[in-house]
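Participant: Sequence annotations record features per position, and here TrEMBL assigns active site, nucleophile to CYS359. Annotation comment: TrEMBL describes CYS244, ALA245, ALA246, PRO247, GLY248, GLY249, LYS250, ASP265, ASP306 as S-adenosyl-L-methionine binding site. The coiled coil annotation in TrEMBL covers 363-390. Marked as domain 'SAM-dependent MTase RsmB/NOP-type' by TrEMBL: 152-426.
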Amino acid sequence: MKTSSPNVAGLEARRAALALMDAVTVEKRLLSEVLSKKTDALSPPDRARAQRLVSDALRQLDRCDRMLGPHLSKLPAPHVMNALRLGVFELCVEKAPAHGVVNAYVALMQERPKSAHFKGLVNAVLRKVSESVDKWDGLPAPMMPKWLRKPLIADFGKQTVLAIEAAHARGAPLDLSAKTDTAAVAEAVGGTILPTGSVRLAEAGQVTTLPGFVEGDWWVQDAAAALPARILAPTPGLRVLDMCAAPGGKTMQLAAAGADVTALDISPSRLERVAQNLTRCGLSAEMVSADALEFEGGPFDAILLDAPCTATGTIRRHPDLPYAKDGGDFPALFELQEYLIDRALGLLAPGGRLVYCTCSLLIDEGEEQVRDALKRHDDLEVDLDALRVAGVEADWIGPEGLRTRPDFWADAGGMDGFFVTVLRRK
Ligand SMILES: C[S@@+](CC[C@H](N)C(=O)[O-])C[C@H]1O[C@@H](n2cnc3c(N)ncnc32)[C@H](O)[C@@H]1O
């Protein structure tokens, strides 16, 4: 049974943030799956506060645990631990007044019989942390959980992983892709134009109120995510299949260049979002809801295969991912990517090109997929020249393709981790 604590300020947002933290770390759910259910009853400011608090605290979770370590002789129940983590984040990062933070999390513990007897512990630990907040700045960047850290160290080495972790902790700016006039969009929103042609805003605010949103002059798309469609080099009338299209960032780029785009996705509801995005921007594409493995069509001059993947390249913006996942479902994704590559190759017109990409840091979903595809198809080759588009630095390109990482452009706000390659038949 729950009892509410109406007299403590700021409790609604904190209660929701704690429920979201439990959903991610205990139920292993992604924030995107549970956000509306856990926050819909809140006022808009409380909803925004809960979402920001849980996201920012997840981004710093390892540091929160390091602050708590000296004060805990053994780990308390997960709900209690999560309350402590949120409290530490508020004290050490937001510099919130200690009495308000302590009272709030003690009150939340009292709401459930199972956690009520931990209120003394929460009170004592948060008070102790509040006396040593200056230790926070001396802590190393938050580490990823071992299941993800270990393979990344094997792939990139420890120094690079440390740099990636520092980039994860910094979060992500807002990047936009312009429909036509990049300079005009940059001026309208007060952003800067990146070397690869995206527009970057340091402070995002409410996206839908930015100039040009209603007019459909741009869409939100990370600078690295904008590279695959640029690399495909769409031209007016080019027959292009966007094989895993939703929510449609790359479909929009292809359509904006005048290509004859078929946007395919297995999920009808996600495909609906592609349609909405196209409509907002006054663009069009043929929409097909189907399993790409069974799709019959084409042949196509070019195919963009932005394959379903672990999304480990997007942790800056999805800090829940390392805690909601444990890698157990990844091998099935690697296998699906292999099948999708082979299916795509079968749909290409003679001389056609396949742009394969994943928003992943794992080489299993990038370089390894290319090496395996080259073994399966002896008439296949990687077109490295096609990867050298504006802003792409020479050392981002390896024998199998282009790899971006969150620690690239560190001083300018970073970018998502992506792998992109172009495959052609010899
Ligand atoms: C990485 S997302 C694509 C992002 C998109 N290209 C963009 O830029 O906005 C992968 C997409 O693949 C779709 N998908 C997964 N399995 C599929 C399949 N067998 N056939 C077609 N689409 C599939 C998912 O529904 C998801 O929308």
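Glycine residues also receive a Cβ, built from the backbone N, Cα and C atoms like all the rest.
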Participant: Tell me which residues of the chain lie with their Cβ under 8 angstroms from that of CYS359 (active site, nucleophile), as long as they are six or more apart in sequence?
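Facilitator: Those within reach of CYS359 (active site, nucleophile), by Cβ under 8 Å and sequence separation of 6 or more, are ALA224, ALA225, ASP306, CYS309, ALA311, THR312, GLY313, THR314, ASP416, GLY417, PHE418.
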Participant: Give residue numbers and ranges for long-range contacts of the coiled coil (363-390): same chain, 6 or more residues beyond its ends, CB-CB under 8 A.
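Facilitator: Those are 155, 195-197, 227, 230-231, 233, 307, 309-310, 330, 333-334, 337-338, 341-342, 345, 353, 356, 397-403, 419-426, in sequence order.
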Participant: Within 10 Å of its Cβ, which one of these binding-site residues (CYS244, ALA246) has the largest number of other Cβ atoms?
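Facilitator: Per the Cβ count within 10 Å, the most buried is ALA246.
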Participant: Could you tell me the maximum Cα-Cα distance in Å between the residues recorded as binding S-adenosyl-L-methionine, namely CYS244, ALA245, ALA246, PRO247, GLY248, GLY249, LYS250, ASP265, ASP306, rounded to a whole number?
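Facilitator: This binding site's residues have a maximal Cα-Cα distance of 13 Å.
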Participant: Run through the Cβ atoms and count how many others sit within 10 Å of the one on LYS250 (S-adenosyl-L-methionine binding site).
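Facilitator: Summing over all protein chains shown, LYS250 (S-adenosyl-L-methionine binding site) has 29 other Cβ atoms within 10 Å.
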Participant: Can you list the residues of the same chain, besides CYS244, ALA245, ALA246, PRO247, GLY248, GLY249, LYS250, ASP265, ASP306, whose Cβ falls within 8 Å of the S-adenosyl-L-methionine site's Cβ centroid?
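Facilitator: My list of surrounding residues reads ASP242, THR251, ALA263, ARG270, VAL274.
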Participant: When a 10 Å sphere is centred on the Cβ of ASP306 (S-adenosyl-L-methionine binding site), how many other Cβ atoms does it contain?
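Facilitator: Around the Cβ of ASP306 (S-adenosyl-L-methionine binding site), 24 other Cβ atoms lie within 10 Å.
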Participant: May I ask which residues of the same chain, at least 6 positions away in sequence, place their Cβ under 8 angstroms from the Cβ of GLY248 (S-adenosyl-L-methionine binding site)?
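Facilitator: Spatial neighbours, sequence-distant, of GLY248 (S-adenosyl-L-methionine binding site): ALA263, ARG273, VAL274, ASN277, LEU278.
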Participant: According to DSSP, which kind of secondary structure is ALA246 (S-adenosyl-L-methionine binding site) found in, if we only use helix, strand and coil?
Facilitator: coil
